Amino acid sequence: MIIQELELIDYRNYSHAHTELDSSLNIIVGGNAVGKTNLLESVRILSLGSSYRASSDREVIRWGCDQAIIHCRIVRRGKSYQMDFQIHRNGQKRIRVNQVERQGHGEPEGLVVAVLFSPDDLKIVKEGPEYRRDYIDQVLIQISSKYAYFRKRYLRTLTQRNSLLKSLMGERKNLDTLEAWDQYLAEAASHIYRMRRAGIEKIQKLANRRMREISPQENLQISYTPNFELDLSEDGKQVCQAFLQQLKQEREEDIARGITSFGPHRDELVLTVSDIDLRTYGSQGQQRTAALALRMAEIDFLREELEVTPILLLDDVMSELDKERRESLMRLLRDDMQCLLTTTNISYFDPQILTSQTVLEIKNGTIRRGGL
Ligand SMILES: Nc1ncnc2c1ncn2[C@@H]1O[C@H](COP(=O)(O)OP(=O)(O)O)[C@@H](O)[C@H]1O
Ligand SMILES: [Mg+2]
């Protein structure tokens with residue numbers, strides 16, 4: 001799929017910017033803090049329904065403005081669409097496709113499919129489990145609006161349950177409400193668990209294949225287990241019942257601590273390379289290759305599941321990678337993918353590929369095509 005045209009209104013540092021995009025490589029060039037990452041983030045918002053780098057969606061609204069609008073014209077499997085994504089200061093999000101408002105709660109339409117590579121990807125491998133949960137969530141949200149819905153419902157219910165738990169520390173009241181939250185939480189949890197399990201099983205194979213392309217000796221494994229005894233091969237109802245049972249069992253403990261101590265929000269994905277725990281013992285090189293392999297596997301997985309080729313967003317990755325990994329990334333570009341790549345330094349590129357179509361220069365909140 002490709003984005004032919006992108007327009008940003010009161011979004012981040014852009015008051016009004018508009019550009020057409022090339023169907024293959026687009027090199028976005030500009031100094032520091034001019035809005036290169038912001039531009040890629042806007043495409044990622046269209047694909048995920050929210051920002052991966054903002055704690056609240058409202059953060060992307062240009063300071064002092066009421067709402068941000070991201071508008072695009074896309075072609076997907078031979079059909080054209082117009083998509084509008086609107087984020088209001090009051091937190092409300094609206095998605096319109098071909099002028100028709102989409103029902104729902106800001107879950108992505110699934111029309112724009114994109115994969116982002118950034119220097120932060122190393123965190124998936126090196127840092128805490130929340131980065132690995134974000135990774136798997138970003139992948140699954142794009143293939144299933146049901147997953148997006150249950151994840152949002154789970155997190156919202158969790159916040160409500162936790163504040164209720166805190167209020168129960170002193171005096172026992174509203175136990176009925178707790179029962180209701182538990183039921184609601186368990187239903188969402190069982191969907192998340194089962195979808196994560198099925199997704200990881202497939203991604204693991206694809207990631208290992210990508211790992212071995214770059215580094216033939218290595219074997220990348222991803223293992224996923226909930227943080228309590230739970231058989232995920234059972235059906236949804238049974239997983240839900242088992243989760244409810246555990247909530248009951250841990251209730252006193254949870255009240256004493258004022259938090260829900262287990263569940264998908266505590267999931268860990270353990271990455272190993274040739275049976276070595278990558279996070280603790282992996283070499284810098286193994287960690288970098290694995291992070292790259294995971295993102296490449298995301299492309300493969302989305303392609304398989306959705307039968308569309310995602311847009312490749314490469315945020316400032318050229319300077320981070322060595323020649324070998326850079327080449328393996330650039331090989332992807334031959335696969336007929338649209339790519340938006342940001343850089344402060346154009347000299348990484350062969351002058352032959354730099355045409356007036358491919359370079360977008362960003363300056364003072366404007367995007368100028370052919371800016372060389
Ligand atoms: N909501 C916002 N409103 C206005 N400006 C913003 C907003 N959020 C971020 N910015 C500005 O965007 C700039 C950073 O843009 P970014 O895309 O990260 O830069 P880079 O080109 O280095 O990737 C900063 O100067 C920041 O002040
Ligand atoms: Mg940046």
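Our numbering is plain: 1 for the first residue shown, then up by one each step along the chain.
Using N, Cα and C of the backbone, Cβ positions are placed for all residues, glycine too.
Going by TrEMBL, these are the annotated features:
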| type | residues | note |
| --- | --- | --- |
| DOMAIN | 3-345 | domain 'RecF/RecN/SMC N-terminal' |
| BINDING | Gly30, Gly31, Asn32, Ala33, Val34, Gly35, Lys36, Thr37 | ATP binding site |
Cβ neighbour count within 10 Å of Asn32 (ATP binding site): 6
Cβ-based neighbourhood (8 Å from the centroid) of the ATP site, residues Gly30, Gly31, Asn32, Ala33, Val34, Gly35, Lys36, Thr37 excluded: Asn38, Thr342, Thr344, Ile362
Greatest C-beta neighbour count within 10 angstroms, which of the binding-site residues Ala33, Val34: Val34
Entries of Ala33, Val34, Lys36, Thr37 (binding-site residues) sitting next to ligand 2, with Cβ under 6 Å as the cut-off: Lys36, Thr37
Neighbourhood of Gly35 (ATP binding site) by C-beta distance under 8 A, where only residues 6 or more apart in the same chain count: Arg12, Asn13, Tyr14, Ile362, Gly365
Cβ atoms near Thr37 (ATP binding site) (within 10 Å, other residues, all chains): 19
Mapped DSSP class for Lys36 (ATP binding site), helix or strand or coil: helix
Least Cβ-crowded entry, counting other Cβ within 10 Å, from the binding-site residues listed as Gly30, Gly31: Gly31
Contacting binding-site residues for ligand 1, chosen from Gly31, Lys36, Thr37 when the Cβ sits under 6 angstroms of any of its atoms: Lys36, Thr37
Under 8 Å by Cβ from Lys36 (ATP binding site), same chain, sequence gap 6 or more: Ile28, Val29, Gly30, Asp315, Asp316, Thr342, Thr344, Ile362
Confidence summary (mean pLDDT) of the domain 'RecF/RecN/SMC N-terminal' (3-345): 93
